[in-house]
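Trainee: Sharing the features that Swiss-Prot gives for it:
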COMPBIAS  1519-1528  compositional bias 'Polar residues'
DISULFID  C312-C346  disulfide bond
DISULFID  C367-C402  disulfide bond
DISULFID  C382-C392  disulfide bond
DISULFID  C422-C457  disulfide bond
DISULFID  C437-C447  disulfide bond
DISULFID  C478-C513  disulfide bond
DISULFID  C482-C518  disulfide bond
DISULFID  C493-C503  disulfide bond
DISULFID  C525-C560  disulfide bond
DISULFID  C548-C578  disulfide bond
DISULFID  C868-C900  disulfide bond
DISULFID  C888-C902  disulfide bond
DOMAIN    410-463  domain 'TSP type-1 3'
CARBOHYD  N94  N-linked glycosylation site
CARBOHYD  N182  N-linked glycosylation site
CARBOHYD  N183  N-linked glycosylation site
CARBOHYD  S257  O-linked glycosylation site
CARBOHYD  N347  N-linked glycosylation site
CARBOHYD  N428  N-linked glycosylation site
CARBOHYD  N551  N-linked glycosylation site
CARBOHYD  N636  N-linked glycosylation site
CARBOHYD  N861  N-linked glycosylation site
REGION    757-797  region 'Disordered'
REGION    1355-1377  region 'Disordered'
REGION    1417-1447  region 'Disordered'
REGION    1491-1561  region 'Disordered'
TOPO_DOM  952-959  topological domain 'Cytoplasmic'
TOPO_DOM  1010-1030  topological domain 'Cytoplasmic'
TOPO_DOM  1094-1115  topological domain 'Cytoplasmic'
TOPO_DOM  1169-1561  topological domain 'Cytoplasmic'
TRANSMEM  931-951  transmembrane segment
TRANSMEM  960-980  transmembrane segment
TRANSMEM  989-1009  transmembrane segment
TRANSMEM  1031-1051  transmembrane segment
TRANSMEM  1073-1093  transmembrane segment
TRANSMEM  1116-1136  transmembrane segment
TRANSMEM  1148-1168  transmembrane segment
Amino acid sequence: MTPACPLLLSVILSLRLATAFDPAPSACSALASGVLYGAFSLQDLFPTIASGCSWTLENPDPTKYSLYLRFNRQEQVCTHFAPRLLPLDHYLVNFTCLRPGPEEATARAESEVGRPEEEEEEAAAAASGLELCGGSGPFTFLHFDKNFVQLCLSAEPSEAPRLLAPAALAFRFVEVLLINNNNSSQFTCGVLCRWSEECGRAAGRACGFAQPGCSCPGEAGANPATTTSPGPPVAHTLSNALVPGGPAPPAEADLHSGSSNDLFTTEMRYGEEPEEEPKVKTQWPRSADEPGLYMAQTGDPAAEEWSPWSVCSLTCGQGLQVRTRSCVSSPYGTLCSGPLRETRPCNNSATCPVHGVWEEWGSWSLCSRSCGRGSRSRMRTCVPPQHGGKACEGPELQTKLCSMAACPVEGQWLEWGPWGPCSSSCANGTQQRSRKCSVAGPAWATCAGALTDTRECSNLDCPATDGKWGPWNAWSLCSKTCDTGWQRRFRMCQASGTQGYPCEGTGEEVKPCSEKRCPAFHEMCRDEYVMLMTWKRAAAGEIIYNKCPPNASGSASRRCLLSAQGVAYWGLPSFARCISHEYRYLYLSLREHLAKGQRMLAGEGMSQVVRSLQELLARRTYYSGDLLFSVDILRNVTDTFKRATYVPSADDVQRFFQVVSFMVDSENKDKWDDAQQVSPGSVHLLRVVEDFIHLVGDALKAFQSSLIVTDNLVISIQREPISAVSSDITFPMRGRRGMKDWVRHSEDRLFLPKEVLSLSSPGKPATPGAATAGSPGRGRGPGTVPPGPGHAHQRLLPADPEESSSYFVIGAVLYRTLGLILPPPRPPLAVTSRVMTVTVRPPTQPPAEPLITVELSYIINGTTDPHCASWDYSRADTNSGDWNTESCQTLETQAAHTRCQCQHLSTFAVLAQPPKDLTLELAGAPSVPLVIGCAVSCMALLTLLAIYAAFWRFIKSERSIILLNFCLSILASNILILVGQSRVLSKGVCTMTAAFLHFFFLSSFCWVLTEAWQSYLAVIGRMRTRLVRKRFLCLGWGLPALVVAVSVGFTRTKGYGTSSYCWLSLEGGLLYAFVGPAAVIVLVNMLIGIIVFNKLMARDGVSDKSKKQRAGSERCPWASLLLPCSACGAVPSPLLSSASARNAMASLWSSCVVLPLLALTWMSAVLAMTDRRSVLFQALFAVFNSAQGFVITAVHCFLRREVQDVVKCQMGVCRADESEDSPDSCKNGQLQILSDFEKDVDLACQTVLFKEVNTCNPSTITGTLSRLSLDEDEEPKSCLVGPEGGLSFSPLPGNILVPMAASPGLGEPPPPQETNPVYMCGEGGLRQLDLTWIRQSEPGSEGDYMVLPRRTLSLQPGGGGTAGEEAPRARPEGTPRRAAKTVAHTEGYPSFLSVEHSGLGLGPAYGSLQNPYGMTFQPPPPTPSARQVPEPGERSRTMPRTVPGSTMKLGSLERKKLRYSDLDFEKVMHTRKRHSELYHELNQKFHTFDRYRSQSSAKEKPSPPGGRPGLSQHRRHQSWSTFKSMTLGSLPPKPRERLALHRTAAWEPTEPPDGDFQTEV
């Protein structure tokens, strides 16, 4: 070896160590991984040289690699540090290597109590380690197959690093080599050979060892004494050169592999080189920097020669060929470059044979026997081999035993009786004997076997004179399998003598058989397909077995039952032997965790199992067999936690008890009843919970307690020292944070005095009475607890008596529903209270007198004769225990709870006789009162809906729409009430039914509130728009939907539907989600009703107008309006007609009657649904619900005036006071109803064209104006400004003023009077118009009608004059108001046209007209005016309906022809879509009168200012009819500003109206 090789190797190893070490947790311990070879010193391994420091080397795969170590002895290192090696399976961070002291050794011995002997020996060997300095030789060789090897400095004085020489610290005393056991490389074999060579040289004799795949050649010229086997000398072979070979010769000393640690200090010999065999080299040189990476080699390329390609790995199909090359460079020199192995694919044209393959096993067949032990089988098929492959190996049929339900006990035969006489007096005959069957009970079956026994008997031969009968043959099969059948047997007559006679008797015998009655057709259950399973036809009483559904494995059973009426029906299937695939997979995962050798890993695996089990049970979709399987999983988890050194975390404990809470939920009662037929799983669960409580309690500190709260159980665990129990124990603590409501409101209580816990006797077995719920075995020692049924292991309490008796672990559990699933007591008793469990370990000695006080509340009301009882595990008559009523005393019984006083700690409950009606099964259909009440209410409401649908076009209004929604909510509620009473609903359907029932109950209340709100808006005169109607819908349907959505979101549907009814649960406060909103709605409805009633009384109750104004609010500026403004939304007071008040009062009365009845109906419905046993609540609901339907129908249908009028007209009975041409008259029984638009047009035309005062009846005008409406299909058109500055006014008729005093003569000037302000509709709403700049206050005739043009007219000056007429000028700014008289009469006003009385030339008969107020009416003189009637040929105006005088008497047909003929009113349609177009056409007709006015205006054309002096007087007498429309652009700036409408600050405009202005509610 050259001097440069060790130097280069040391540099490479130092770099390797620098990167291979993992970051150490401290400077005193380090972990190295990925080291192939290295020689290390103290300075390399221990940066901080101190006692207890360690250096750990990792073996990447103990099954594939082995660690070889050589220790080079150095006296100073051995003296000061005493290094030793520890083989480890796991690496422990910051593990100290110091030898344990006496105290630590004792503690470690205590912690190892209970371990197997093998584990104790292994632990002792690991703790002591291997002393490296124990041998006498210079070298120590070690071989390890462990995961880790740790080098420790066990002893080191503080001054040792300063006393050691630097050479000793730098001395490489440890060499490490990692060898592949399957394929050793040349480098590793060379290192082993070098170690053997150096060992032989140092010892002075031959030294050798064997390694599979390596052999060391013999050195040339060696001493014959150093070799043990002859061989040819190898020339020019280096001592460290190694040729891979086969196994070493037997003469070599083997270095054994495995888990043993072998120490070699003796010399080793070289072996003989075997024959060279080709090997495939798969070892790449690994990098010295990163483990798992390969490093390129460098060296002489000429020394690298590839071997020939190997034979193809496969004889058929595509395989691989491999070739290798060897690196012959020195291990201490440069490394070779390039890979040592290459592969390439090789193709073979031969077809590979395909062996036969078994398919999946089929499903297991049914058990061969219906009871007892039978067998089940399954088969599989083999896919046939191909191309000469092998056939399938293994059985095709597989069988296993199966155990079904126990067979009925058969009776026992008594002894046989004596033989009877022989049947024949001569020759051969038969004898019979019989026996009796003893049946002990009615459930026993008959005896199996024959009742009689027959044998042949021999007599003397009969005389030959007569014939004789031969023997009887066997009885034939019965002719019927059921009912009475027949069996026959025959015998033959043997030949008689020549003088004899034939045989006497008959050769056939018949007897009845099969007296079992055949089931009738109605006593047979038919074939049924349920849950993906087919149940075949069976007779009543038979049990049919079937395979479980596809998502489970096992067998399901079902019994055919017989009802009280004698009709067969299928019972519920039993799935107690069905296990879901998910639960079975979880159990397999549990077995895998249990198979782990490491206890810590097994404990962590149990946490994962509990988490998975919680997720499965949270889905609530499992079979009864899954519950039993879950109990077994929890038992295994508890046992694993006990054996493992793993303390369950708080989350693990919470999940464990949450799983138990899911399992004992009341919804699983039927599943537990089904599972009890196979195994008492609820009792096993009770014991598992007690064991887990003590497991958690052992991990607690002294005086520490733990409280776990779930939906169905509350657990309290605390640990108290035996010597000083702090205080008495009271459970549960209702005031604790996070406690459930069912615990806070219950009266369950446990009082455990501390004297009971101070009576224990450590070291002595508890007396038979001291067995607690946690230690059910009575008469046993405290060290063991017998396992329950199915338990595979026994629990060993701590063996140390001081530790086991120094602390009490006290556990108390309050179960909410455990009494429903535990095995029931003997009838007629039943568990009628909650169940409470108290367990204490170590067990206490029972006191001399009862000191434990337990108070338990009832879960079933109406029970009698209560008894306190405890669960006794030692009852001999049952294998799991039973209730014992003798262990507790019943102190007092109250209406809500019972107080008990017991002597032993156990599981307590109250047993009593349930009420008789509780034993009756609830019917699957709703009760008769509920059906009657819902049916009557639905029929009444459907009648109302049918009537409204028939007359909808005549009675359509907001009130009707609200009523229809209200009826729909009540109908849906009645239907859901009937659906929710069915017991066949699933959990999801029941939850949805409860949620929708909650929604429709609230919506019915909300629609009553909506009706009250609509009444209030009608009374105050606010116009309803589409926005308001949308608010009605939001209140009626949106508010209930919001309440239900919030409730469902917060509760996650918990509480919506229970196992008894489909309604809100009475526990948990969810019922307030219905009671609270309903109460608020009733209160708000009452307040609105009071307000509406006060407003109606304040308006209709005061007769004097002045008092009414003083009593009311301040008069609004738009109160004088007789028409609504389409822009501001103001409604004038005349529109609030008496019909509005009447409708509002009717709506108010309806709310006052319907709302209380609605509240009583739903309250009785809730009581009837939640308590189905009470017939009183069901009867009350039927009465209230029926009355509610009749009242709603009567109020809104039979008593409603609109419906009555429509029905009368349909029947041909209308008002008799109307004329034949009345728009609402009926002819020949046919209804002639004019649209609202036609009525308005008719009234406007009569008022404008014929200025008859008597036709302008105020009541008629008010009634007509109250019917004004807009088209519902069109958006409202607000008042907009025209393109030229003009105003667009409402197309509806204008201001109609009723004369309040005597009308002056037509030729007399009207007396001066104060005119009402005029309002205009603009963009901003309603504004008052200033008219003082146009003229003085000159009122027109009170009968004048103001027409508002629909659209902007061409308001150009000088409309009626000649072409040369001057344009009018507006009044300049600052001109006084009286100067307005000088304004030319051709100046138009942009909004109104004044209409004078039309002169018709009626004659004297028209002169004595009286107005409605009794004043004499003088007709005006016939002067030429713009409103005069033209020539007879041009006369085509509409005549009034009733005109006094003979000259106006025309036939109805002529009047109809004359009516509106020139106005072309045939275009008037009943639809409202053409209202706008017809109004525009009507206004154009009105403005055609301007051409007649132009002639009179030309005659009286005014002169310019300064002209005739009588001009002002003439203009003073002009009326408003002389003004025409003009644009705002023609006005001066100042007058234009004065024309701007003023907005009153006392009121705010509303939104544009959309819909009718009807004030009907």
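Glycine is no exception: its Cβ is also placed from the backbone N, Cα and C atoms.
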Trainee: What is the nearest of the recorded positions C382, C392, N428, C548, C888 to C482 (disulfide bond), using the Cα of each?
Mentor: C548
Trainee: Between the recorded positions N347, C392, C402, which lies closest to C868 (disulfide bond), Cα to Cα?
Mentor: C402
Trainee: For the transmembrane segment (989-1009), give me same-chain residues lying six or more residues beyond its boundaries with a C-beta closer than 8 angstroms to one of its C-beta atoms, as numbers and ranges.
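Mentor: 962, 965-966, 969-970, 972-973, 976-977, 979-980, 1035-1037, 1039-1041, 1043-1044, 1047-1048, 1053, 1056-1057, 1062-1064, 1073-1074, 1077-1078, 1081-1082, 1084-1085, 1088, 1151, 1154-1155, 1158-1159, 1162.
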Trainee: N182, N428, N551, N636: which of these glycosylation sites has the highest Cβ count within 10 Å of its own Cβ?
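Mentor: Buried the deepest by this measure is N636.
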Trainee: By Cβ count within 10 Å, point out the most packed of the disulfide-bonded residues listed: C312, C346, C513, C560, C900.
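Mentor: Output for this query is C900.
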Trainee: Other than its close neighbours in sequence, what residues sit by the transmembrane segment (1031-1051), given a CB gap under 8 Å and a spacing of at least six beyond its ends?
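Mentor: Residues packing against the transmembrane segment (1031-1051) from afar: 958, 961-962, 965-966, 969, 995, 998-1000, 1002-1003, 1006-1007, 1009-1010, 1013-1014, 1068, 1070, 1073, 1077.
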Trainee: Please report the DSSP secondary structure of C482 (disulfide bond), reduced to three states.
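Mentor: Coil, per DSSP.
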Trainee: So which of the glycosylation sites is most packed in, judged by how many other Cβ atoms lie within 10 Å of its Cβ, out of N183, N347?
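Mentor: The most densely surrounded of these glycosylation sites is N183.
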Trainee: State the Cα to Cα distance, in Å, between C447 (disulfide bond) and C513 (disulfide bond), rounded to an integer.
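Mentor: About 17 Å separate the Cα atoms of these two residues.
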Trainee: Considering Cα atoms only, can you say which of C382, C402, C422, C478, C525 is the nearest neighbour of C548 (disulfide bond) among these disulfide-bonded residues?
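Mentor: Comparing Cα positions, the candidate nearest C548 (disulfide bond) turns out to be C402.
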Trainee: May I ask for the distance between C422 (disulfide bond) and N428 (N-linked glycosylation site), taken between their Cα atoms and rounded to an integer number of Å?
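Mentor: Their Cα atoms are separated by 9 Å.
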Trainee: Given the disulfide-bonded residues C367, C402, C513, C518, which lie close to C312 (disulfide bond), meaning Cα to Cα within 10 A?
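Mentor: None, since no candidate lies within 10 Å.
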Trainee: So of all those recorded positions, N183, C367, C382, N428, C493, which one's Cα sits nearest to C902 (disulfide bond)?
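Mentor: So, of the listed recorded positions, the one sitting closest to C902 (disulfide bond) is C367.
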Trainee: Including all protein chains shown, what's the count of other C-beta atoms within 10 A of the C-beta of C888 (disulfide bond)?
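Mentor: By my count, 23.
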Trainee: Taking DSSP states H, G and I as helix and E and B as strand, how many residues of the domain 'TSP type-1 3' (410-463) are helix, strand and coil?
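Mentor: The composition, in the requested order, is 0 helix, 20 strand, 34 coil.
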Trainee: If you run through the topological domain 'Cytoplasmic' (952-959) with DSSP, how many residues end up as helix, strand and coil?
Mentor: 6 helix, 0 strand, 2 coil
Trainee: Taking DSSP as the reference, which of helix, strand or coil describes N636 (N-linked glycosylation site)?
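Mentor: DSSP assigns N636 (N-linked glycosylation site) to helix.
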Trainee: According to DSSP, which kind of secondary structure is C493 (disulfide bond) found in, if we only use helix, strand and coil?
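Mentor: Assignment for C493 (disulfide bond) reads strand.
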Trainee: Mind checking which of C422, C482 has the fewest other CB atoms within 10 A of its CB? They're the disulfide-bonded residues.
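Mentor: Taking C422, C482 as the disulfide-bonded residues, the minimal 10 Å Cβ count falls on C482.
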Trainee: Rank aside, I only need the closest one: which of the recorded positions C346, N428, C493, C900 has its C-alpha nearest to that of C382 (disulfide bond)?
Mentor: C346
Trainee: Counting every protein chain present, what is the number of Cβ atoms, excluding its own, within 10 Å of the Cβ of C578 (disulfide bond)?
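Mentor: A 10 Å sphere around the Cβ of C578 (disulfide bond) contains 23 other Cβ atoms.
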Trainee: When you rank C392, N551, C560, C888, C900 by Cα distance to C437 (disulfide bond), which of the recorded positions ends up on top as the closest?
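Mentor: Given the candidates C392, N551, C560, C888, C900, the nearest one is C560.
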